[in-house]
Structures are given as structure tokens and as C-alpha cells.
Amino acid sequence: MKKSFLLPLSILFLSLGACTGDKNNPADRASSDKASEKIAEASPDGIKTEISSKNDIFEGGLLEEVYSGRDYKSLWRDGETIHSLYNSLQEADEEGLNFKDYHGKEIDSLLSTADLSSQQAARLDLLLSDAFLTYARHLYYGKLDPEKLHEFWGISRKEKDFGKLLKDAVEQKEVSAILEDLKPSHQVYQGLKKSLADYKEQKTQETAINKISRGEIIEPGQTDPRIPAIIQRLQELGVFKADTSGIGQTYSEALVDAVRKFQQKKSIQTDGIIGDATIDELNKGPQEVYNQILANLERWRWYPRDLGEHYILINIPNFKLAVIKDGDTIRKHNVIAGAKERPTPIFSDTIDHLVINPTWTVPPTIKSQDVLPKMAANRSYLSNNNMTITTRSGERVDPSSVDWSSDEALNYNITQRAGPANPLGRVKIMYPNKYLIYLHDTPAKSLFSQTQRAESSGCVRVEDAVDLAAYVVENQDDWQKERIHEIIETGETTTVKVNRPIQVHHFYWTAWRAGNETVILNDVYDLDEQIYTKLTE
């Protein structure tokens, strides 16, 4: 049965509520009307002077373009339009953004001024335009540039004509509607906004959490002075409800069960061993969760608004893959993603073909860091692993003729033949990209039983990958699952062109809303803190 896919699958100021505009502000409709009258009288020379001064203006180049096209006449001549923009800016905190980042304090001051001078009116007109443009850009693209935060970021976005948006918003008196249309409509984003409101209230009522110190790992049956604090925190979180009498400082079986449940919920390795990752998650209070929600709101502003009608969505920290068609979840698969030191890039592309019985050409990083050192240490490594050596032009090379400890060794291609031990398993699904990333099978099936599955060198290993491949080419030239298995049995490497366009989105998000609860995952690549730290600078 199909299920609606709720994508189970930022970060501005830790004291965000204190920085937002006062909603009992002096900028009521009457003051907006009065300001608009003064703005209508503002001289073009005054506006031109304000643009030229570049005094705390974010969108100077675009403002010059917009205003020069109207001979520097003022824009905000209607009180209703000013009031609409002001109300929208005050609601920025609901998006995880901040009123004060859009000239909130100065706009407040000018709207409160009883009798604006001509130059003050020109300044207010320019500030309102700059606030609109900056807020619109932040809603559509995000406040931060993901390419500056991520080494491997490959998601492009459609361009917006923000100058035209500004003119349309003012002339058509559609400020609120146009800004609303720029916000992400994804269910994840909308759910996170509800969670943000919940945790904004919770963090104001937050009582101090007794932080648990990091230290040696705690294994079942061991004693540790931190056990009472761990029990208390699990009880506060509603995870541990067993009788605690007689436990003391012993890591009991009942407590191990509670820790495992907690680890599974957070996508931490579910082994019952209490290490730093488990301690860090236990130490998260409402403020930390609030920050993580902010980070994910920002992240979803970076992602495309339209993911397509038929696509594969991978949430890296949740180690899950879902196939979505017309808004419904068609399939779900567990995946193994890149390790922290070799992360899976965040990008989107379209499936082109799949390969049955793939060979594996060792990627440059794995070749230099893993394979070549093993070859230098063991002359039998190639034959033991069914590997061949070729030049870049494809000519076979005698392995004994190469010094594998030299730089010259990097110039050769190392390929592992198809077979049950091949790291790519029996099938790979290709969507050619600059990162050389794809979906593939794996002979190491046992790894899918782990909760924390950041184990690969960047590519995404898929549980039941043959089934996924069969789905990708179903109803295409008789490519049923049975035919794929027949080819697997032959051992012959076979390429199958995929005719229907299916996009693959490698995304990363660590928080979402499920019903009335907020799900918070372990941030496996430690990206969330980086986002909200940058946003608070």
C-alpha cells in the first residue's frame, strides 16, 4: 500500500525571541499612512544620495538599478503596503530568521518619528526596499551560502529577479503574498516551523540540565559514577521507566535496553555502549534542540523548491532512501553513506543507466590512501582481489613492472573484476556527476543491521539494491527482476539505459516533525553547529 511520504525522513541567534520586533510596535497603520505621505514627498536627489552613501545597505547595486529605472522616485507611497511589509518582517522569527537583520531597529525608529524630514523619508523608503530585497533573498536562497560551508555542495537553484519582485510587490500591493510564495512549501520545512514554535516556548521555561561529562566508554555491567546522572536524564526524556532501586552506579540490563532505544531513535550505533555520541545527545536540552531546528530550516531554504514528480530522496544522517512518485512513497531502503572523513556530497542529478555485474575502478582517493599501500606491502594483493592494472589508454600492465610505492603508481587504473566479492555487489545505478557518486549493491550485507551507517567512501550502498534497480527499469523493454537475476548468474557486465527520468537527491537534515513530536538525529558530519555558529556571527 502506498503511504503519504512526510519526508522523515538556519540558525540565527541563540536569543532569537529577544531580538525580534516588538509586535506592539509604534508602526501601526496610522503611522504607516503618515510615513507614506512623507515618503511621497521625498526628493529623488535625497534617495540618490542615500543610495550613493551605501550606509548600512545590503542590496546597493540592485537598489541603484531599481531606482535609476524610475528616476529615483520613492517607492513606498502607500501606508497599507508599508504596514504589510512591516508585519511580514516581524514574523521573520517564525521562519527562524531575525527582524533586526532587516533594518528592524532603524525602521522602528523612523516610523515612530512624529515629523520625518525629507532626508529621513528618503532614508526610510530605501530601508524598506532594502529590507524587502534582503528578506526575500533569505527566504528563497537562505541567509548563508552553502557552497562556502560545504566542501562538496552540488545543488543549483533557479535564479529570481528580485528587482522585479520588489516593483511588483509595491505596485500591486502584494508584499505579503509575494514574500509568502518565496518560502519553502516542503512538508519538512512546514513541520519544522511548528517545532520551532514549540521549542521557543520550551527554552524560555527551561530548567538547568545536569550535563553529563564525557569520559571512558561505559559497557554493560560496568560501574561508573555517571550512571545516576544518565538514569536521571533518560527518565526526564521518558525513555527509562524501570525501577532504579539497587542500580547505583552499575550499568544494568534494564538501563542497557533504555540506552539502546535512545540510540536507535537518534541514529547512533545501537550497541548499548555509552560513548561520546550518546552523552552528547543526552546533554541536549530545549536550547540545543532549538538551535538544531534553526539549522535545518536554513538548510531547507537551500534545497530546490521542486524535487520533481518522480525522484529518489536520500537523507544522509538518517541512512534512509525513499522513492517518491506523485507525492507517495513507493519504496524505502536502508543505505550506508559516506564516513565523516569521506562524506557523501550533497547534490542532485538524474539517473542515466544501471550496470549489472559491475567492475570497480578504484577511485583516486581510495587508490592513494587504501589500495596502493596494501599493494606495496603485499605483492599478492592484486591477484587475491581479482584486480587488473591498465594504463590510462587501456593497455594491460604487468604489476611486477611497477614500483607501487612511487608516485608513478597513481597514473595507473586499478580495476576489480565483477563477482560476488566486488565492492559494488551485483548492480550499480548511475547518474554521472563530478563527484563520481552512485548507488550500488554491496557484499557486506551485515552492515545494514547497524543503526549508524556512515561507513562508505562517499558512494551510497543500498540494501536490496537489485530490487531498486529492477524498479528503476520496470516496464522497460522487458527488464523484469527475473531477467536481471539471469544476467547476474552469467557474470557478464551489462549496461542498461534508463529511459524514464528519475532524479536522485542526496540531502542532509537532522530534524523533522512526526505527528506532534520533533525527531532529532545525531549530526553525523557535525554540520548543524557550523551553520548556526556562522549565523550568529
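If you go along the chain as it appears here, the first residue is 1 and each next one adds 1.
Note that Cβ sites are derived from N, Cα and C of the backbone, with glycine treated the same way.
Under the heading region 'Disordered', TrEMBL lists 24-45.
Annotated compositional bias 'Basic and acidic residues' per TrEMBL: 30-40, in sequence order.
If you look up TrEMBL, you'll see 310-487 marked as domain 'L,D-TPase catalytic'.
The annotation active site, proton donor/acceptor is assigned in TrEMBL to H440. Within 10 Å of the C-beta atom of H440 (active site, proton donor/acceptor) sit 26 other C-beta atoms, taking all shown protein chains into account.
In the structure as shown, the Cβ atom of C459 (active site, nucleophile) sits within 10 Å of 22 other Cβ atoms. Secondary structure at C459 (active site, nucleophile), as computed by DSSP, is coil. The annotation active site, nucleophile is assigned in TrEMBL to C459.
Under 8 Å from some Cβ of the compositional bias 'Basic and acidic residues' (30-40) lie the Cβ atoms of residues 74-83, 86, 110-112, 116, 118, 120-122, 124-125, all in the same chain and six or more residues away from its ends.
In the three-state DSSP assignment, the secondary structure recorded for H440 (active site, proton donor/acceptor) is strand. Distance noted between the C-alpha atoms of C459 (active site, nucleophile) and H440 (active site, proton donor/acceptor) is 8 Å.
With DSSP classes pooled into helix, strand and coil, the tally for the region 'Disordered' (24-45) is 15 helix, 0 strand, 7 coil.
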